C-alpha cells in the first residue's frame, strides 16, 4: 500500500512539473540504477530539485530549492516504476548560510535539511561522503538529475540522466558571467563548446569529481548547454566547516565570507 501511494504521488507530481519546466540534464544518458544511491528527489510547491544524502538524517541541496510542503524521496530511479526501497521524508529543520533564508543568485546557494526521521540504508539508498580535498581544474565531473533532456522543448525522462563534464578555471567562466566574482565560493564546470549541462530543475543535485562530492547545482545560462556558458555550482569544500558544524549541533557556526 505504501509503495502504491508513493507511485501515485510521483506520477501526479511528474505530470504537474512537465507543464512548468523546460530544463535539466542536457546531453546525457540514463544513469545506471546503482550509481546514484545518494541522489534524492525534492518536491516543493510546484517545483522539483535534486539533493544529496550526507548521512541517515541530513540532505544537502541549494538554498533556492527552499519552499512550502517539501517532500524528499530517496531510492528513486524510475518515477513510473519505483524501487521497492523508496522512502519518503519531510524536513524537520532547514539551515542556510548566515542564518538567513535569503541568498544571492551568485553565491551562498546552499541549504542543509535535517529529515523528520532517519533514513534506512538499502540497495538504492546510501550516503555520499563530504570531500576530503578541493577539486582540481580539468578533472572530470559527473552530473545527474531528472528533468527535460532537451534545452528548449520540454522532454522529461522517467529516470535520472547522467553526463560527464569538466571542472573549468574561473577565467574560462568569466566571459559568459561577468557578475561572477573571484571571492564567490563557487565552481564552474561544463563543456565550453556547449551541448552538455545541468539546468533549472536539476538545482541542488551533486557535482561529483574523482568520486568526491564537490558541488551543488546552482545556476547557469538560459537556455542551458550553450557554448561558453557552463554551469555554476556551490563549492562544497569551501563550506565544510559550516556543514560539519551544523550537523554536529553548532547552530552558531558561520558560513565562509
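Numbers here mean position along the shown chain, with the first residue as 1.
Note: Cβ is positioned from N, Cα and C throughout, glycine not excepted.
It should be emphasised that the depicted structure is a prediction, and the values quoted were computed from it without experimental measurement.
Taken straight from Swiss-Prot:
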| type | residues | note |
| --- | --- | --- |
| ACT_SITE | 64 | active site, charge relay system |
| ACT_SITE | 109 | active site, charge relay system |
| ACT_SITE | 203 | active site, charge relay system |
| DISULFID | 31-162 | disulfide bond |
| DISULFID | 49-65 | disulfide bond |
| DISULFID | 97-255 | disulfide bond |
| DISULFID | 173-188 | disulfide bond |
| DISULFID | 199-224 | disulfide bond |
| DOMAIN | 25-248 | domain 'Peptidase S1' |
| SIGNAL | 1-18 | signal peptide |
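Shown on the structure are the features that Swiss-Prot records.
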{"residue": "31", "record": "disulfide bond", "Cβ neighbours (10 Å)": "21"}
{"residue": "49", "record": "disulfide bond", "Cβ neighbours (10 Å)": "28"}
{"residue": "64", "record": "active site, charge relay system", "Cβ neighbours (10 Å)": "19"}
{"residue": "65", "record": "disulfide bond", "Cβ neighbours (10 Å)": "24"}
{"residue": "97", "record": "disulfide bond", "Cβ neighbours (10 Å)": "22"}
{"residue": "109", "record": "active site, charge relay system", "Cβ neighbours (10 Å)": "27"}
{"residue": "162", "record": "disulfide bond", "Cβ neighbours (10 Å)": "19"}
{"residue": "199", "record": "disulfide bond", "Cβ neighbours (10 Å)": "26"}
{"residue": "203", "record": "active site, charge relay system", "Cβ neighbours (10 Å)": "28"}
{"residue": "224", "record": "disulfide bond", "Cβ neighbours (10 Å)": "28"}
Check: What is the total of other Cβ atoms whose distance to the Cβ of residue 255 (disulfide bond) is within 10 Å?
Finding: 20
Check: What residues, ordered by sequence, lie under 8 A Cβ-to-Cβ from residue 188 (disulfide bond) and sit at least six positions away in the same chain?
Finding: 167, 168, 169, 170, 172, 173, 177, 180, 230, 231, 232, 233
Check: What Cα-Cα separation, expressed in whole Å, is found between residue 224 (disulfide bond) and residue 64 (active site, charge relay system)?
Finding: 18
Notebook entry, point to check: Out of 49, 64, 109, which of these recorded positions is nearest residue 199 (disulfide bond) by C-alpha distance?
Noted result: 49
Margin query: Quick check: in three-state DSSP terms, what is residue 203 (active site, charge relay system)?
Written below: coil
Check: Between residue 255 (disulfide bond) and residue 109 (active site, charge relay system), how far is it from one CA atom to the other, in Å?
Finding: 11
